[in-house]
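Each remark here refers to the structure printed beneath this line.
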Amino acid sequence: MAAAPAALALDPQPQEEQKDASESSELSRLRAELAGALAEMETMKAVAEVSESTKAEAVAAVQRQCQEEVASLQAILKDSISSYETQIAALKQERQQQQQDSEEKERELGHLKQLLARAHPLDSLEKQMEKAHEDSEKLREIVLPMEQEIAELKVKLLRAEELIQEIQRRPRQPASLHGSTELLPLSRNPSPPLEPSEEPSGDAGPAAEAFAHNCDDSASISSFSLGGAAGSVSLRGPQGLSPEQEETASLVSTGTLVPEGIYLPPPGYQLVPDSQWEQLQVEGRQLQKELESVRRERDELQEGLSRSNEDCAKQMQVLLAQVQNSEQLLRTLQGTVSQAQERVQRQMAELATSHKCLSQEVKRLNEENRGLRAEQLPSSALQGSEQQEDQDEALPSSIQELHQLVRHTRQQARARQQAQEHEAERLRIEIVKLREALDEETAAKASLEGQLRVQREETDVLEASLCSLRIETERVQQEHHKAQLTDLLSEQRAKALRLQAELETSEQVQRDFVRLSQALQVRLEQIRQADTLEQVRSILDEAPLRDIKDIKDS
């Protein structure tokens, strides 16, 4: 009968070993999750660095290519100025739109911070942990006296068994039974209580996310719109005419600028000699070839510029896709954080309800224990006094009566011992259950606190990375926009200078043609007014009018 309590006392050891094994497995799983989160954070950092480097390289390459192409462009017309003004207005609108988008995102981030601040009731969690610690201390104070009482009951049972064995060994000495009940001293040396094991709570390191980030760059470099008829004044004729017809039409058009006092020859009369006419035709062909080469060069430059624009647009699309992926990852992480917080809150509510139930159960057991102690003390005192009176009144006078008395005493002791063992076993089982429930509750609270701490650290890291990414994106956008505006300003200045030079050149060429035609008309009028052939020859022997320099020299 004494071996049963010892076996029951050894039962919590395998349970504690199983609990340690489960805690070690849970700790290893948490470490694996931490390692995975750290690896994911490293990959996110690498992806962000690669995206930033590729973006900077792409922007630098596009800027270099645009500068090289813009430096080599020629023959820009006046109509491009209005188109670039509209493009600048569109860029300003895009900048305003980007500023509005950034303000909306900042408002969303502030709302998210408010939600996170509401979802982290740190003060209430600390109060609940302190309350749980106080409840565990109260349970320990209740369990220790119960264990002491159980130890005292065990000692009493052992003394009763020893007394019965002594009575069995000495059946022939009836006087030795007198006052046998006085040999039952009560031992008040309680056995040392078993302290509940404390479970370590592991702290997990911070984890990331990534990245994410929001980069709405717009890199659109417009192609130059080159018109054909406005820049080549007095150098080209209407389409569909031969070079000879173009030269004739140009001379006819300049004839309108001749003063009315000059005599006009009849139609069909040859105004220019054949050599000069051929020379003018050769010059016209050369100018036309140069114009065609300039057009081809312009088309090639436009194609190269369009290709560079397409490449830049593709690179910007790739960067935008990466930013969207990082934002999606951030949103998923925020969703998981919110779900984990809701789950933690539900588990805390369940633990609070279970804690209340356990406290009520402990109170009930305490009341039962007090009632049992109150019942046992009067019954034992009454039984002892009755036995003393019976033994004093009627002592056995024969061996048979002595045997009957011993048998009756043994049955009473056995029944009392069984009742006490059953009661002690029931109390021990309830104590073990309460201790296990308390340990589970403590472990659950520790794990929930660790998860909450990890989620809070991950949220802080993600918020910091999001802020840094947004700041970097805004800086890159401002630098890119500033570079675009600087390039556009330099292009507009260069275009204005080229257009001014072309306008002056075209006006000078027109004036030279007018002077040349006037000089030819004057020479022809002199020949027509000559009286003799010698005068005509002298006029023809003068310096030929092949260039405007001949007019200035003459």
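Glycine too: its Cβ is placed from the backbone N, Cα and C atoms.
The region 'Disordered' annotation in Swiss-Prot falls on one of the ranges 1-29, 436-464, 523-551, namely 1-29. Among S176, S306, S385, the residue that Swiss-Prot annotates as phosphoserine is S176. When S53, S180, S223, S490 are looked up in Swiss-Prot, the one carrying the note phosphoserine is S180; the rest have no such note there, which does not rule it out for them.
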